[in-house]
Amino acid sequence: MTKAPIAGNRTGRKLGQRVKNKKMKASSRQWLQRHINDPYVQRAQLEGYRARAAFKLLEIDEKYHILRGAKRIIDLGAAPGSWSQIAAKVTGSTDEDIRVAAIDFLEMAQLPGVWILQLDFLDPSAPGKLMEAVGGTPDLVISDMAAPTTGHHRTDHLRTMHLCEVAAHFAIEVLGEGGHFLTKTFQGGTERDLLAMLKQNFRQVVHVKPNSSRAESVEMFLLAKGFKGRKAEGDAEEA
């Protein structure tokens with residue numbers, strides 16, 4: 001069971017610690033203070049994960065069991081790599097037998113058992129390179145992609161929803177029957193066409209906000225379970 005972090009740590013730093021730096025902007029100081037006092041950040045450090053985002057995936061899996069039995073996983077928007085760490089462990093991926101392919105336009109340090117591509121996923125060559133690297137049909141496509149924020153809520157929402165749609169189309173093209181798709185989205189409404197497409201192709205579609213996602217954040221996750229297979233999609237188009 002994924003437990004919420006307790007108010008303490010083994011790093012010698014107490015929760016509630018304040019950041020004192022007069023040269024730092026107030027907003028930056030507040031962000032840093034929140035970050036270093038975040039129990040999920042501290043737990044990630046203790047358990048060897050690259051980011052607190054690991055616990056979002058673990059929480060979702062605890063309820064929906066999307067990692068169980070996964071043999072090949074593709075991770076979109078993977079940097080800094082905490083989801084890829086979990087994926088490599090679950091699949092038993094090694095450098096000799098790669099079963100996890102990850103992509104991000106940001107640089108990402110190497111991980112054992114993970115093939116990493118530094119490239120924008122919107123690049124036309126990205127899907128083919130990922131499929132070649134993962135070495136077979138993936139059981140799970142996970143996406144933590146989000147467009148760089150502009151400060152304009154509607155613009156940020158639309159740009160991130162576009163990434164969700166591209167990731168969803170990719171998942172439908174590559175997943176094996178029974179596979180799952182998980183993507184980050186923002187509160188503010190998921191596009192109807194995207195939801196309709198996912199419901200047409202998957203047996204269960206739900207919105208999820210794990211406890212490890214900050215309460216004040218507009219971040220949510222859209223989970224599509226049980227891919228029906230491309231034959232089902234073709235039948236629907238003919239109908």
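Placement of Cβ uses the backbone N, Cα and C atoms for every residue, glycine included.
Note that this is a predicted model, so its numbers are computed, not measured.
Cross-referencing Asp104, Asp193 against the S-adenosyl-L-methionine binding annotation in Swiss-Prot, which names Gly81, Trp83, Asp120, Asp144, picks out Asp104. Per Swiss-Prot, the listed range annotated as region 'Disordered' is 1-20 (candidates: 1-20, 201-220). Among the recorded positions Gly81, Asp120, Lys184, the residue whose Cβ has the fewest other Cβ atoms within 10 Å is Asp120. Asp144 (S-adenosyl-L-methionine binding site) is surrounded by 22 other CB atoms, counting those within 10 A of its CB over all protein chains shown.
The record assigns Gly81, Trp83, Asp104, Asp120, Asp144 to the S-adenosyl-L-methionine site; their largest pairwise CA distance measures 18 Å. With respect to their backbone Cα atoms, Asp120 (S-adenosyl-L-methionine binding site) and Lys184 (active site, proton acceptor) stand 17 Å from each other.
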